[in-house]
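The next block holds one structure in the form of structure tokens; read it before the comments.
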Amino acid sequence: MDFQSKKLINDPNDVVTEFIEGLIENYPGLQYLDGFPEVKVVLRADVSGAKYDKVAIISGGGSGHEPAHAGFVGEGMLTAAICGDVFASPNVDSILAGIRSVTGPMGCLLIVKNYTGDRLNFGLAAEQAKSEGYKVEMVIVGDDCALPPPRGIAGRRGLAGTLLVHKVAGAAAACGLPLADVAAEAKRASEMVGTMGVALSVCTLPGQVTSDRLGPGKMELGLGIHGEPGAAVADLQPVDVVVSHVLKEILSPETNYVPITRGSRVVLLINGLGATPLMELMIIAGKAVPELQLEHGLAVDRVYTGSFMTSLDMAGFSISVMKADQAILDRLDAPTKAPNWPVGAEGNRPPAKIPVPLPPSHSIKSDKTLSRPEKLSPQGHILEAAIEAAATEVVNLRDNLNEWDNKVGDGDCGSTMFRGAVAILEDMKKYYPLNDPAETINEIGASIGRVMGGTSGILYSIFCKAAYAKLKENTESVVTALHWADSLEAAIAAVSKYGGASAGYRTLLDALIPALSALKERLNAGDDPVDAFIISAEAASAGAESTKHMQAQAGRSTYVPGDILASVPDPGAMAAAAWYRAAALAVKEKYNTA
């Protein structure tokens, strides 16, 4: 039976910021940007971006993997770590703040784990930073060896092997190498490492219940670091058997994920996932080294054992094997003050936090301040009703969305959508210029971008920005149903372009694409716009339900077995269908009472 987990926390929404505050108290070489809760960035206290004369190494991602990534900030390793909410990609503003804080004339290298949300957010931040004059390169790490190719558009996940890439890049940057050379060393290191994980339990997100997906006496092979299901569930075996299986998967000549053959020199990293005692990790290391030497004919030059990239309170481990030559060994052996690499940190204690830097223009927003009109037009009343109904429906669906996402993702879809919906409802009371539909859609995107993390947040921000741009092309005083249809079409096209998904990929687009098709068909046939909207909402609901029969090709569901996917619809598609239908019904009711 599911039960509420015990956690030593206060408010579940504050766990990341309070973790950062505690981290800074422990390590005087670190600071954080004073931008909580939206901006959560840990950085070296001895680095000032404008004056820094070396390449900055920046990484990050969702929190819950501590000590990664903030615990590896320090001279000789990361210059800054961008912290998202638990298991959610950091937002673009946080990443930009980190880039601006530590990047000097030599530029910066972003090291990104291969997850859709991380790629999108870090990618957008990189393009924005380049437009501001910064030199930026990005290396994506996908070291997962558990699942055979192909994996749709998602590819191999980024796991604990990423930390070895951080160390190589950090040491190269500390030597004063130019950005292109540092990026080349990081990319080469990323191609030399493979990782596979094994779990004995499922992690519990702060404030949520513990899943019973893994029963007694079972273990899960090839899982990710966000609690998403792995390649297979098997009976628990002695650690010798498990270690042997994991190493064979990593070094398999069939998949050829790592260029390691008999006679190669390698580095071994044994990583605990959060609730694994050091005793067990040492047992694993003690079995892995002779297995690599005797069974695979490899020379094991370095062994790192500990909890480096965890998954909250998950019991289990991962093994990373990296092909090594003297150049890589020199980088791994180079000194570093990163607190959670096995070298002590020292130095005088500077101020704990410093201000978030402004962009080069010295202005984040324009002088134009938007606000709610004193009197709403008829169009404004209808728009208000539609937004309120849509957001309220998402608020009410939180638990259902989380339950579905627990089975096919990382369990936070409902919580993420809930945060966005609550922000919309609150901001609409004060800031939305409801008589101006285009600007209102733009403000909805701003509300979402401020509070929603992960892939959902960035995709809905892109959705709103594209719809806004299309609506702004309209020179008429009233926005017609066809204008709304065109803006929906533009928004869908933008999400597909930047997210990489299309119809049949088991995403929110599988609700919105049928809705758009039905809406345009009925409008072109001359139907009443309200009726066309209702019909298109029914198409959205049908499209969302149909995702049960689809094999995921985007997002974390890509890694979930088909039999599990068939038991639930895609949570993102269900959320999209729900808010779309609620908006349609609200518009109909408003017209009927007018």
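Counting starts with 1 at the first residue shown.
Just so you know, glycine gets a Cβ as well, placed from its N, Cα and C.
What TrEMBL annotates here:
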type     : residues                       : note
ACT_SITE : H226                           : active site, tele-hemiaminal-histidine intermediate
BINDING  : G62, S63, G64, H65, K113, D118 : substrate binding site
COMPBIAS : 364-375                        : compositional bias 'Basic and acidic residues'
DOMAIN   : 11-341                         : domain 'DhaK'
DOMAIN   : 381-585                        : domain 'DhaL'
REGION   : 339-375                        : region 'Disordered'
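Note: S63 (substrate binding site) has non-local neighbours V15, V16, F19, K40, C83, G84, D85, V86, F87, i.e. same-chain residues 6+ apart with C-beta under 8 A of its own C-beta. H226 (active site, tele-hemiaminal-histidine intermediate) sits 8 Å from G64 (substrate binding site), taking the C-alpha atoms as the reference points. Taking every protein chain shown into account, G62, G64 are the binding-site residues, and of these the Cβ with the most other Cβ atoms within 10 Å belongs to G64. Close to the recorded substrate site, the chain also has G60, G61, A68, H69, G84, F87, A88, S89, I225, H226: residues not among G62, S63, G64, H65, K113, D118 whose Cβ is within 8 Å of the site's Cβ mean position.
Taking the Cβ of D118 (substrate binding site) as centre and 10 Å as the limit, one finds 28 other Cβ atoms among all the protein chains shown.
The number of other Cβ atoms within 10 Å of the Cβ belonging to K113 (substrate binding site), over all protein chains shown, comes to 29. Proximity of H65 (substrate binding site) to non-local residues of its own chain (separation of 6 or more, Cβ distance below 8 Å) is seen for I225, M309, T310, S311, given in sequence order.
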